[in-house]
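Chemist: Sharing a structure, written as structure tokens. Questions coming.
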């Protein structure tokens, strides 16, 4: 079995009718495939959108609401209805499902991040199928993960999945928008995600969901940097899930980084919030970027912001002002500044185990999305 632990993500358009309402037939198609894979021995996680779509009709809205409060109320009703559909279908095949609602704060806080990963691991060990969505009812708009493509990649990285499959209404990444450009060609295999790939993704999207092709490229970047391969393929094919699990999907395949980031490094790179900045001299820059060493106090050339011990900070080159990476500090900003002034700056400021260098792909995540 090439891919045992698989995360599938289905978007709103993959489980709804053209009017935006929930399609029980489409959900049954997905759960039928999940059940077959589960019984074949795969460990499965489903990240599913559709809570708003499932709930807005029950609240008397004629169409999908636009106002934030209306969407959150619809999600509150719809999440239960959505889970009811998934649970009924999976339980008829003898499969236990579990609901997990996550938010950006669950990833930003290291302890909550570890707890979520632990719960998911137990569910998979006990042969349950976790069904995950963002907690839309209570999430603050400015602090949301924002789309389930990104959420699915974060989950896949967290549990060290063998494969992430992003199911959509477009069968992969094209050189242009296939709906409007007859000359657009699908890319079947993507070795590296760069500016050109991001430009290609800018024109594709769907009317009902919030995650267009650009968010799928962001998700693919997070996953592949974490060592997880990614398929983007159409949910419209009756055996799309099985084909992806068998490495035969009709879509775009993203090749993972040869040595994926460990969980601690993932958290530093993608989720930890930087509380300040540190500028380092040329020697420290070389030690961090080229030799994989810890950052010593003696290499610090400047500090900005206010941060505490074990906070995450961004480290910059004094010469170029470009970010070199992120790390958790062993001294707060006040203590570090005092030591620097007294010329008693000795010891380790950021240990190499709590450091992540910014690769070109991670830089794209920080600057392009």
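Glycine too: its Cβ is placed from the backbone N, Cα and C atoms.
Sharing the features that Swiss-Prot gives for it:
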type: BINDING; residues: 9, 168, 169, 210, 211, 212, 213, 214, 215, 216; note: ATP binding site
type: BINDING; residues: 49, 136, 148; note: substrate binding site
type: DOMAIN; residues: 275-355; note: domain 'PUA'
Chemist: Among all protein chains shown, how many Cβ atoms are found within 10 Å of the Cβ of residue 9 (ATP binding site), not counting that one?
Modeler: 31
Chemist: Nearest by CA distance to residue 213 (ATP binding site): which of the binding-site residues is it, out of 49, 136, 148?
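Modeler: Checking each of 49, 136, 148 against residue 213 (ATP binding site), the shortest Cα distance is to 148.
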Chemist: Given the binding-site residues 49, 136, 148, which lie within 10 A of residue 215 (ATP binding site) by CA-CA distance?
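Modeler: Cα filter at 10 Å returns 148.
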Chemist: So what's the mean pLDDT when you look at the domain 'PUA' (275-355)?
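Modeler: Here the mean pLDDT over the domain 'PUA' (275-355) amounts to 92.
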Chemist: Would you list the DSSP helix, strand and coil counts for the residues of the domain 'PUA' (275-355)?
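Modeler: Computed counts for the domain 'PUA' (275-355) are 23 helix, 29 strand, 29 coil.
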Chemist: Cα distance, residue 49 (substrate binding site) to residue 169 (ATP binding site), nearest Å?
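Modeler: Residue 169 (ATP binding site) and residue 49 (substrate binding site) have their Cα atoms 14 Å apart.
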Chemist: Which residue among the binding-site residues 136, 169 has the fewest other Cβ atoms within 10 Å of its Cβ, if you could check?
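Modeler: Ranked by other Cβ atoms within 10 Å, the binding-site residues 136, 169 bottom out at 169.
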